[in-house]
Amino acid sequence: MACLNIHKMCQNQKDEYTFDGSVDKHGQPAVRARTGRWFAGVLLLVNQGLATLAFFGVGVNLVLFLTRVMGQDNAEAANNVSKWTGTVYIFSLLGAFLSDSYWGRYKTCAIFQAIFVAGVVSLSLTSYIFLVKPKGCGDENNPCGSHSTISVALFYVSIYLIALGNGGYQPTIATFGADQFDEDHPQESHSKVAFFSYFYLALNLGSLFSNTILGYFEDKGMWTLGFWASAGSAILALLLFLVGTPRYRHFKPTGNPLSRFCQVVVSATRKWKVQQPSRGDELYEGEGQEPAENGNRRILHTDGFKFLDKAAIITSKDGENNPWRLCAVSQIEEVKCILRLLPIWLCTILYSVVFTQMASLFVEQGAAMKTTVSGFHIPPASMSSFDILSVAAFIFIYRRVLDPLVARLKKSAPKGLTELQRMGVGLIIAIMAMVAAGFVEHFRLKSGDKDCSSCTNSSSLSIFWQVPQYVLIGASEVFMYVGQLEFFNGQAPDGLKSFGSALCMTSISLGNYVSSLLVSIVMKISTTDKMPGWIPGNLNKGHLDRFYFLLAALTAADFLVYLICAKWYKYIKFEERSIEKQHGEKQGDLKV
């Protein structure tokens, strides 16, 4: 009898369903032991690493490809890279919209990864057949010749296919990975928090190979080899993603969030003359309806944006089946949540201006320094490997040292720094990074030869003086971007989780556009008859250091605004799930 009881207990544990409402590939409630958790999580982390390797195999040296192969000058190439990178992250909004609304996260990831593969393969073919001509061109000493309009058009189609594929995939894969862990389960909830750190670590480790090995070959003019390696990595990433299909957990898409947002605004506007109720519990809660737009949880009423609450006031003209006249509190709070997130999101854009310098001006600055050590040439783009190593080190330091230490010092708090506090620390470190880059450029200019017309960008200052600015950028990423991923994913309504991750990506996007705009404005203002601007083709004749100091000052001002926005922010409040009831209903509906 005892053996029979033990067998039943083991069977119950084996057949236990998740508490968060996730389903398996057949749309049935997900069985905990057979789906998700770290088996699926590790597959997605490796997928992320391989996809990132492929993406940065193209992106990390794109500025040099544009100057050496496509024949563009430094300012034009930096602007084009910023615009391209910005477009990558703009497409993240498209991916998030399709994921949350119609396709679901799995289908969205699969389709956009396929587009990404097509783009990298197309770039590899275009470079081999048309662009890297004559053979052996594209290194530091042998720029390529002119190209036909068709070959240039194929190049831009290829890189923007890559932008579309990677942009649509990135925010969705982060959220899909977090979906594999049940946040209502004690052990899995801790794993879900850890996943975001490991996700960002996988992203950086994936780019390490691109920034070192691939960066070296591409710097030597072996562009086709580098692009084909990226294509192989992208194909492998897609295949690995598909292998995990039977084990993934899913959340069903919840419909168009834009219509829900508009319904609240229209309903509230129609009732702008209606008197506000004195208590929040007098508002329409949508009883008897499944809160499909927010998964299994309703969002509790909060103060603020009281004008929107009028959409939930029941009048004689309202019908419960007309969402354009009467909206539930949970739907209104979804809109409030997005409005509260926007100021925080706006404050992260200027940080992304700092971050994007690694892919453009840091590379150009490094190319203007002494890049040889004992006869070995160091590709300027490979210096970003110090950023990657810094990210890996600071993720470990934060999770194992700083977070437990702060938790002990804050005796009233169950954990260390909040996501908002970590993002603030990231802004402070970013200021330090720009100051360091400015001082390095100041001393590089002192060691450069401005009078020698044949000594373009020459300097006796070693490229390793760039290490501090890369390390500081890496440390700031751990606090800012990992904090952003956790914050936007945790604070977004259940039906808009991919949108929350996309906010992080689009801040990088707009940061690239702002960077491009700043470079254009600075060049226009600083260019005179006697000076070719702060960022000319020959950096020895410019003042890139002043641009870095300008970014430090702008980021400092942004930090002050961020402090105000963070203090004003109110966290979203979800209705607690009745886990026992939910669990019982699932067990009754489905026998495994």
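Counting begins at 1 with the first residue displayed.
Note: Cβ is positioned from N, Cα and C throughout, glycine not excepted.
Heads up, TrEMBL stuff is auto-annotated, nobody curated it.
If you look up TrEMBL, you'll see 38-66 (among others) marked as transmembrane segment.
Here the transmembrane segment (86-103) has long-range neighbours at 111-112, 160, 162-164, 166-172, 175, 253-258, 495-499, 501-502, 505-513, 516, meaning same-chain residues at least 6 beyond its ends whose C-beta is under 8 angstroms from one of its own. According to TrEMBL, the feature transmembrane segment maps to 86-103 (among others).
Annotated transmembrane segment per TrEMBL: 110-130 (among others), in sequence order. Same-chain neighbours of the transmembrane segment (110-130): 51, 54-55, 58, 69, 95, 103, 147-148, 150-151, 154-155, 157-169, 172, 223-224, 227-228, 230-231, 234-235, 237-238, 241-242, counting only residues six or more beyond its ends whose CB sits under 8 Å from a CB of the stretch.
Annotated transmembrane segment per TrEMBL: 150-169 (among others), in sequence order.
Residues or ranges marked as transmembrane segment in TrEMBL: 195-217 (among others).
Taken from TrEMBL, the feature transmembrane segment applies to 223-243 (among others). Packing against the transmembrane segment (223-243) from elsewhere in the chain are residues 43-44, 46-48, 50-51, 53-55, 57-58, 61, 65, 69, 109-110, 113-114, 116-117, 120-121, 123-124, 127-128, 131-132, 138, 210, 214, 217: each is 6 or more residues past its ends and has a CB under 8 Å from a CB in it.
Under the heading transmembrane segment, TrEMBL lists 341-363 (among others).
Feature annotation from TrEMBL assigns transmembrane segment to 383-402 (among others).
Residues of the same chain lying 6 or more positions beyond the ends of the transmembrane segment (423-443) and with a Cβ under 8 Å from any Cβ of it are 344, 347-348, 351, 354-355, 357, 362, 365, 417, 461, 465-466, 468-469, 472-473, 475-481, 483-484, 487, 544-546, 548-549, 551-552, 555-556, 558-559, 562-563, 566. The transmembrane segment annotation in TrEMBL covers 423-443 (among others).
According to TrEMBL, the transmembrane segment annotation covers 503-527 (among others).
Per TrEMBL, the feature transmembrane segment maps to 547-569 (among others). Note on the transmembrane segment (547-569): residues 340, 343-344, 346-347, 350-351, 353-354, 357, 361, 420-421, 423-424, 427-428, 430-431, 434-435, 437-438, 441, 518-519, 522, 534-535 of its chain, located 6 or more positions outside it, place their CB under 8 angstroms from a CB of the stretch.
Here the transmembrane segment (341-363) has Cβ contacts under 8 Å with residues 59-64, 77-78, 81-82, 85, 380-381, 383-384, 387, 420, 423, 426-427, 430, 433-434, 437, 466, 469-470, 473, 476-477, 480, 484, 487-488, 491-492, 500, 503-504, 506-512, 514-515, 518, 535, 544, 547-548, 551, 554-555, 558, 561-562, 565-566, 568-569 of the same chain, all six or more residues outside its ends.
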